[in-house]
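Peer 1: Submitted below is the structure of interest, expressed as structure tokens.
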Amino acid sequence: MSKKIGILTSGGDAPGMNSAISFLTKSALSLGFEPYLIFDGYSGIIARKILPAKNFPYNGISSFGGTAIGSSRFPEFKKEEVQNKAVEILSEIGISSLVVVGGDGTYNGGYKLHLKGIKVIALPGTIDNDIQFTDYTIGFDTALNTIVETIDKLRDTANSHRRCFVVEVMGRHCQDLALYSAMATGSEILITNTNILSPEEVSQKVLEQFAKGKPSVIVTITENILPNLKEFAAKIEELTKISTRSLEVGHTQRGGRPSAFDRILAAKMAMKAMELINQDKSGLAISYLDGKIQTFDIAKVVSNPVRKTNDLVLEINKINQN
């Protein structure tokens, strides 16, 4: 078994990735492996941006957001000839094992390399929390806290002016950021891809909330639902005659110092990944499920849809309107 191991982060960055990089490197060294850092995701393999980790300041990066080795989306990696080129380059260097940190695209890329003979272990690194068979992904907790802090501040000013705020959060096609931020902040109205409401329906609910004497209303919505957030807010104001503002939380959700939870989660997952590599395992995804670090076949993860939380969305909508 080759002692050279590649480490890469791919797709959208997530707070906690640096903790994963640091602990993967330190764990690899402690087990006698020779870790290599691959910069800018899968594109870094093709561009040969591969350096020995010993030449990189991997200590002390766990407290920083983003990913110190860069990340990118590389749709060309879906082509088999590009995958073959990646295997060729890794083999030339002597890298036989690869740890990938990212979301579903990263998992799919890793699975393809696994099928071509590279030993691959995957860690879930995405703020969207949209990886199957894990309760939490690296970065989700930090992003959630960023959203909660933002909505809490909006609530203060909304209360002062008796306003309605429509807040759009990330999540791609997963509603977890919207759902759990609504739970944490008491957002009166929650709109997700499983609970889409028209401006007329939202306006009626807004009026009902103010009629109960509430000084403000927060509408939390997951991205990729509304064609235009400002127009949606303007329509609510037109229908209710209540001052309504909109806010897209945006890429601040991706940044910031990772929470202690994300740092520890990434560290534990990294240590488990190196344990598996030391056992010459491949094609596995690390998860945090039911309070424990577990493993699943990557094939099973990439072939399953995101878990459903539809009932909880409806329940939170009902509870928060009281």
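Here the Cβ of each residue, glycine as well, is placed from N, Cα and C on the backbone.
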Peer 1: The ATP site in Swiss-Prot includes ARG73, PHE74, GLY103, ASP104, GLY105, THR106. Which of GLY6, GLY12, GLY16, GLY171 is also listed there?
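Peer 2: Of GLY6, GLY12, GLY16, GLY171, GLY12 joins ARG73, PHE74, GLY103, ASP104, GLY105, THR106 in the ATP site that Swiss-Prot records.
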Peer 1: Swiss-Prot records GLY186, SER187, GLU188, LYS212, LYS214, PRO215, SER216 as ADP-binding residues. Which of ARG155, ARG254, ARG257 is assigned to the same site?
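Peer 2: When Swiss-Prot describes the ADP site, the candidate it includes is ARG155.
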Peer 1: Which candidate from GLU200, GLU223, GLU231, GLU275 does Swiss-Prot annotate alongside THR126, ILE127, ASP128, ARG163, MET170, GLY171, ARG172, ARG245, HIS251, THR252, GLN253, ARG254 at the substrate binding site?
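Peer 2: For substrate, Swiss-Prot names THR126, ILE127, ASP128, ARG163, MET170, GLY171, ARG172, ARG245, HIS251, THR252, GLN253, ARG254; of GLU200, GLU223, GLU231, GLU275, the listed one is GLU223.
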Peer 1: Is ARG245 (substrate binding site) helix, strand or coil when read with DSSP?
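Peer 2: SS state of ARG245 (substrate binding site) = strand.
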Peer 1: Since the record lists GLY12, GLY103, PRO215 as binding-site residues, which of them has the fewest other Cβ atoms within 10 Å of its Cβ?
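Peer 2: Candidates: the binding-site residues GLY12, GLY103, PRO215. Fewest Cβ atoms within 10 Å: PRO215.
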Peer 1: Please identify, from the binding-site residues THR106, THR126, SER216, THR252, the residue with the sparsest Cβ neighbourhood, meaning fewest other Cβ atoms within 10 angstroms.
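Peer 2: Comparing Cβ neighbours within 10 Å for the binding-site residues THR106, THR126, SER216, THR252, THR252 has the fewest.
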Peer 1: So which one is it: of the binding-site residues ASP104, ASP128, GLU188, which has the fewest other Cβ atoms within 10 Å?
Peer 2: ASP104
Peer 1: On the three-state reduction of DSSP, what should I expect for THR252 (substrate binding site)?
Peer 2: helix
Peer 1: Long-range neighbours only, meaning 6 or more apart in sequence with Cβ under 8 Å: which ones does LYS212 (ADP binding site) have?
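Peer 2: Residues satisfying the criterion: none.
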Peer 1: Report the residues of the chain - excluding GLY12, ARG73, PHE74, GLY103, ASP104, GLY105, THR106 - with C-beta within 8 Å of the mean position of the site's C-beta atoms, for the recorded ATP site, in sequence order.
Peer 2: SER10, GLY11, GLY41, GLY102, GLY109, THR126
